[in-house]
Each structure stands twice: as C-alpha cells, then as structure tokens.
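Taking it in order: structure first as structure tokens, then the write-up.
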Amino acid sequence: MTQPPKTPLLDKVAYPADLRKLEDRDLPQLAREVRDEMIDAVSRTGGHLGAGLGVVELTIAIHSVFNTPEDRLIFDVGHQCYPHKILTGRRDRIRTLRQEGGLSGFTRRAESEYDPFGAAHSSTSISAGLGMAVASELDKTDRRVIAVIGDGAMSAGMAYEALNNAGALDARLIVILNDNDMSIAPPTGAMSAYLARLASGRTYMGFRDFGKKLTAYLGKNVDRAITRAVEHARGYVTGGTMFEEMGFYHIGPIDGHSFEHLLPVLRNVRDHAEGPVLIHVVTQKGKGYAPAEAAADKYHGVNKFDVITGTQAKVKPNAPSYTSVFAETLVQEAELDDKIVGITAAMPNGTGLDKLASVFPSRCFDVGIAEQHAVTFAAGLAAEGFKPFAALYSTFLQRAYDQVVHDVAIQGLPVRFPIDRAGFVGADGPTHAGSFDTTFLATLPGFVVMAAADEAELKHMVRTAAAYDAGPISFRYPRGEGVGVEMPVRGEILQIGKGRVVKEGAKVALLSFGTRLADCLLAAEDLDAAGLSTTVADARFAKPLDHELIRQLARHHEILITVEEGAVGGFGSQVMQFLAMDGLLDNGLKIRSLVMPDVWMEQAKPEVMNAHAGLDRAGIVSTVFKALGRGLAVGVAG
Ligand SMILES: Cc1ncc(C[n+]2csc(CCOP(=O)(O)OP(=O)(O)O)c2C)c(N)n1
Ligand SMILES: CC(=O)[C@@H](O)[C@H](O)COP(=O)(O)O
Ligand SMILES: [Mg+2]
C-alpha cells in the first residue's frame with residue numbers, strides 16, 4: 001500500500017470558504033492535490049473513480065465562484081461527488097467512503113449542508129434544482145442554484161421534463177452539462193450524437209472576451225431572441241439550438257479542465273444570469289489518472305486497486321455470478337429462439353446483456369438511462385410477438401412502475417423482467433438496495449413473479465420465462481456470486497406456481513423465496529440439532545402462490561416462517577393473505593414473516609446487512625425459538 005500523497009495546499013482547504021481565499025493561479029495545484037487524494041482514497045475503499053476525476057476542476061471552480069452552501073449545488077447521480085466531499089469538510093472521513101459506518105458514495109442531505117439534495121439514481125438534478133430556484137424566488141432570496149448533470153444522465157426523460165418546465169418558468173437555474181462522452185458504457189442515442197456534434201465540430205472560444213460579452217446578455221429583461229440573433233451574428237454562441245429553443249441561455253462548449261475557461265464564465269453567470277442557463281462543459285472521464293484514462297470503462301466503478309499500476313484487487317469467485325449465469329443462459333436460449341431480444345437501460349455490463357449484444361447485436365438494445373421507455377419499448381415488441389427480456393436492476397425498475405402496470409400488466413403482454421441486484425447490494429447503500437420489486441409486482445393481477453434460490457434455479461427461470469407467453473413474468477436474483485451448485489446443461493421449464501420441498505421435517509417449516517434458501521438450510525441444521533425437526537421449502541413463485549404446498553406446510557407443522565430478502569408487503573404478505581383467506585390461521589398455526597426491516601438500511605457488506613435484518617441463519621433460528629417461547633439453545637448459531 002502506498003503512503004497517502006503530500007497535499008500542502010489542500011491541507012489548508014477544509015471548506016469552500018478556505019478555497020475562496022486562494023488566488024486563481026493556485027487552483028491548478030489544488031486540483032492536482034484533490035486528484036491525488038481522491039485516487040489514494042478510492043484505491044483503499046473501491047468506488048466510483050472515473051466520474052469524480054473528470055470533475056475536479058469543475059467542482060473547485062463552482063465552489064470558488066459560488067457561495068455554497070447558501071448557493072445550492074446539486075450533483076446528478078452523485079457518483080462524481082468525491083472531490084466535492086473532500087472540499088466540503090469531509091476529507092477526514094474520505095477513506096471511509098462506502099464502508100459500513102462511513103461516508104456515503106453519493107450526496108446525502110443528512111451528511112452535509114453542502115449536499116442540498118441527495119441522489120444516486122440518475123437525472124433528478126434539474127427538477128430538484130428547479131424546485132429550489134422557484135423556492136428561492138418565492139422566498140425572495142438571492143440564491144443561485146447549480147445542477148451538474150452528465151451526458152449519460154441527459155438521456156433520461158426526466159431531464160427533458162425539467163428543462164421543458166424550467167424554460168417556461170424562466171427560473172434562475174444554472175444547469176452545467178458535464179459532457180465526457182461516456183455513461184457507464186459508451187453513451188447511446190441520438191441526443192448523445194447531438195452533444196458529440198456540438199462538442200467536436202467547434203473549437204473552444206476565447207473566454208476572457210466571451211465572458212465580457214456575456215455580461216450584457218444575461219439579464220431577465222433582455223429579449224433573448226434578439227440577443228441570440230446578435231450573438232450568432234457575432235459568433236459568440238455556437239450550436240446549442242435545442243437548449244436555446246427550450247428557453248435556456250446556452251453557453252459552450254467550454255473546456256471543463258481549464259480554470260481560464262471555467263472561472264470567467266461561471267462568474268458572469270453568477271453575476272448576471274436571471275433566467276435559465278445551460279453551460280456545456282466538456283471533460284474527460286478518468287482525467288489525470290493514466291490507468292483510468294486508458295480503460296474502456298474509464299474506471300467508472302472500481303475495486304480497491306494499486307495506485308502505481310492501476311491493477312484492481314480481484315477476489316477469486318467460488319461460483320459464477322448470477323449476472324453471468326443469466327447472461328449466458330439468455331444467449332443460449334436466444335440461439336434457439338430468434339424472437340428473444342434483450343433490453344438494457346444503460347447497464348449492458350452490469351446486467352450482462354453485453355454478452356447478448358456481442359452475439360446478436362441486432363437483437364440487443366441499450367436505450368440509455370431510460371427505464372420507463374425500456375419497459376414500454378419492450379411492451380411494443382411483445383405486442384408484435386417478440387419475447388423481450390427487459391433486464392433492469394431492481395432499484396431502477398422502480399422508476400418504470402406505471403409503465404409496468406399500464407403498458408405491460410393491464411394489457412397482459414408477455415414482457416420478461418430479469419431483475420438483477422435484488423436484495424442488499426452492499427456499498428451502494430439504501431438507494432440501490434433491491435427491496436421493493438416483489439411487493440410492487442406481486443400485487444399486480446396476472447403477473448408471474450419468481451425468485452431464484454441459486455444459479456441453477458436462475459437457469460431454469462430464464463428458460464421458463466422464455467417459454468411463457470401468457471403474460472408478464474419476472475425473476476429476481478441478487479448481486480454477486482451463486483452458491484456453487486451443479487449446473488444443468490440447459491434450464492428446465494418450471495411449472496408455473498409450483499414450489500419444491502428441499503428438506504423434509506415435521507415441526508418447523510421454513511418457506512424461502514429466493515437466495516435466503518441457503519441460510520434456511522443452515523438454520524434447519526441448527527433446529528434439527530436442537531430437536532426441532534425442520535422442513536425447508538423453496539417457494540420459487542410469489543405469484544401465483546403454490547397453494548397446495550402452503551396448505552401442506554401450514555397443516556403439518558406447528559410453526560411456519562417465510563423468508564425473503566425484500567421489503568414488507570412481498571412474498572410473506574402474499575402467503576399471509578392466502579392463509580388468512582383459506583382459514584389456515586384459525587387453528588393456532590404460529591406464522592412469522594422475515595423481511596427486510598422497515599428502515600433505510602445503511603451500506604455494509606450484504607452478509608452483514610442480512611444479519612442486521614435477521615435474515616441469516618442466526619436470525620432465522622432465533623425467530624423460531626422466540627415463536628416457540630424458548631430461549632436460544634446453547635451452541636445454536638447466534
Ligand atoms: C435511474 C438510473 N438508472 C441507471 C443508473 C446507473 N448509472 C449510474 S451512473 C450512470 C452513467 C451516468 O453517466 P453520466 O451522467 O454521463 O455520468 P459520468 O459517469 O459519465 O460522469 C448510470 C447508467 C442510475 N444511477 N440511475
Ligand atoms: C452509480 C450507479 O448507479 C452505478 O454505478 C452502480 O453503482 C453500479 O452498481 P453495480 O456495481 O452493482 O453494477
Ligand atoms: Mg458522462
């Protein structure tokens with residue numbers, strides 16, 4: 001491990017107020033030191049590296065020019081905010097990023113007054129900023145609001161809804177479009193191509209001169225149409241037509257790594273802008289760290305790494321990851337069925353759909369950060385007889401809920417929903433936990449909702465989903481590696497609504513939905529050893545439920561425990577509702593539902609989060625003992 005870098009200038013800058021005492025000529029040195037500090041910190045913690053490296057100068061320039069935190073600075077997604085955290089009183093904890101008990105990897109209101117709006121999901125900054133700008137006008141304060149949004153985040157519909165509204169309201173909002181020509185993967189879509197044209201066809205302008213000219217044109221009482229015509233005639237403004245037509249004053253492209261470009265523009269905008277302004281800033285993801293600059297993904301998200309070589313720590317997996325099993329099985333099925341197509345919302349690598357794209361490029365679609373569109377696009381394909389797999393992370397599927405309900409479920413369209421990152425995801429914390437999918441899907445009439453207990457089950461579920469044409473169907477699986485079970489050459493088609501008994505017992509029944517099955521089996525060992533003969537069943541389906549199986553478990557056991565890595569309202573609630581309506585609760589059955597607790601659980605390793613949630617072996621055993629009114633037996637896990 002290398003020593004932390006020497007940072008003499010940064011050592012004098014704990015807060016933006018310190019930064020504002022520096023001369024402009026000191027800022028490049030400060031930027032070098034912030035970069036060194038960030039690289040060192042992330043090399044120890046892992047996390048989002050490339051995006052933060054790309055906005056070091058921009059972050060310094062904004063804090064230097066604007067009066068944060070009184071002026072509001074909002075980072076879209078928030079994964080690029082590490083330099084901001086270093087400069088806003090959190091440097092002493094920067095090496096706790098994303099660790100249990102440490103700093104969040106995103107902006108969070110609870111963490112600092114310099115984080116006026118929390119994020120982690122993309123494309124919310126312009127809306128939130130507009131709300132704040134309007135609040136400032138209503139409150140008659142003289143506050144500036146700055147939203148920094150990436151070119152990837154600009155692919156989401158919500159960003160355009162906000163631009164549309166901001167232009168109409170003529171609010172005093174400053175949008176900085178941080179264009180590094182990258183999303184997590186290379187960006188896709190017509191908008192990305194448009195930005196690339198704006199950025200590449202022009203040279204950066206002479207900004208000292210430009211800054212002076214800008215002054216005259218930014219006031220509220222200025223007729224922007226005349227101003228624009230004059231500017232175009234004089235060549236002060238290049239491109240940007242689309243933003244201008246939406247009512248924004250568009251400046252750029254400007255070099256986001258040059259303080260000479262950034263400072264005069266930001267100062268002019270601060271002092272003179274009255275209406276909405278969009279500054280198109282061009283940056284390089286991974287800037288200033290050679291291994292990141294050279295990497296195809298620009299080190300978007302990294303494990304711990306060696307600072308000298310850039311080599312990331314690799315943990316040797318014991319089993320294939322769920323994502324890779326899904327991806328390989330989908331390719332296998334797609335080879336046999338040309339109606340299968342894949343859809344990702346800007347997560348080709350994370351969902352494994354890059355594998356499908358490499359084999360069948362014309363049958364795999366990266367639609368950008370556009371989950372709502374992804375789902376309705378899939379619905380359109382399904383309506384025409386295709387078999388779309390809309391592969392989304394559980395947390396991002398939340399954004400497309402009305403599309404799931406209105407465009408897919410009500411019409412009974414056979415869209416397949418592979419749901420990755422279901423359950424606790426670890427370092428990304430509560431914004432990314434896959435908590436709610438079972439709850440919000442199993443409540444929809446006609447939906448088939450599955451969860452894989454291990455990687456072989458996942459293979460069966462991919463095949464089952466491919467074969468199922470009667471309506472929407474989903475299957476969830478977690479982040480990380482599988483259990484290490486033997487894998488079938490090809491998945492089986494599961495009978496819809498049928499679970500399986502994995503281990504027979506007589507007194508206690510553990511009914512698992514998803515990958516908690518492994519802990520149920522371990523808990524059963526402890527319970528058997530304590531004289532409590534335990535049955536373990538894998539429900540496979542939260543909808544339709546296996547009524548026969550549940551009846552059998554309820555009738556022949558004293559206690560029934562459901563276990564799932566999801567929020568209340570999901571599988572356990574479905575089971576409870578069935579038991580209640582079937583009269584099976586009337587005969588003294590002891591039933592407990594183990595779910596994620598009703599709090600926003602902070603980041604930690606997933607196994608730690610499961611233990612805190614009482615969803616691990618010890619938690620299951622302890623629930624059984626409590627239900628039976630017994631203390632924990634000595635020697636039993638816990
Ligand atoms: C709604 C939503 N979908 C997907 C993601 C995953 N995601 C995080 S960052 C990112 C790329 C963002 O690209 P950009 O805004 O250009 O920022 P950059 O990393 O290039 O700085 C994606 C797809 C997300 N955070 N939120
Ligand atoms: C910021 C963001 O939303 C993504 O970068 C996310 O952190 C990726 O998560 P995985 O590492 O689970 O793919
Ligand atoms: Mg980008």
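The backbone N, Cα and C atoms fix where each Cβ goes, glycine too.
Record check: TrEMBL places H79, A120, H121, S122, G152, A153, Y289, E371 at the thiamine diphosphate site, and the matching candidate among N180, N318, N587, N610 is N180.
Along the domain 'Transketolase-like pyrimidine-binding' (320-485), the predicted structure has mean pLDDT 98. Taking the Cβ of H79 (thiamine diphosphate binding site) as reference, residues of its chain lying under 8 Å away and at least six apart in sequence are, in sequence order, H48, A51, G52, G105, F106, A120, G301. By the criterion of other Cβ atoms within 10 Å of the residue's own Cβ, the least surrounded of the binding-site residues H121, N180, E371 is H121. Here D151 (Mg(2+) binding site) is compared against the binding-site residues H121, N180, E371, and the shortest C-alpha distance is to N180. Listed binding-site residues: H79, H121, D151, G152, N180, E371. Those with a CB atom under 6 Å from ligand 2: H79. In sequence order, S122, M182, S183, I184, P187, A346, G368, I369 are the residues of the chain that are 6 or more apart from G152 (thiamine diphosphate binding site) and have a CB within less than 8 Å of its CB.
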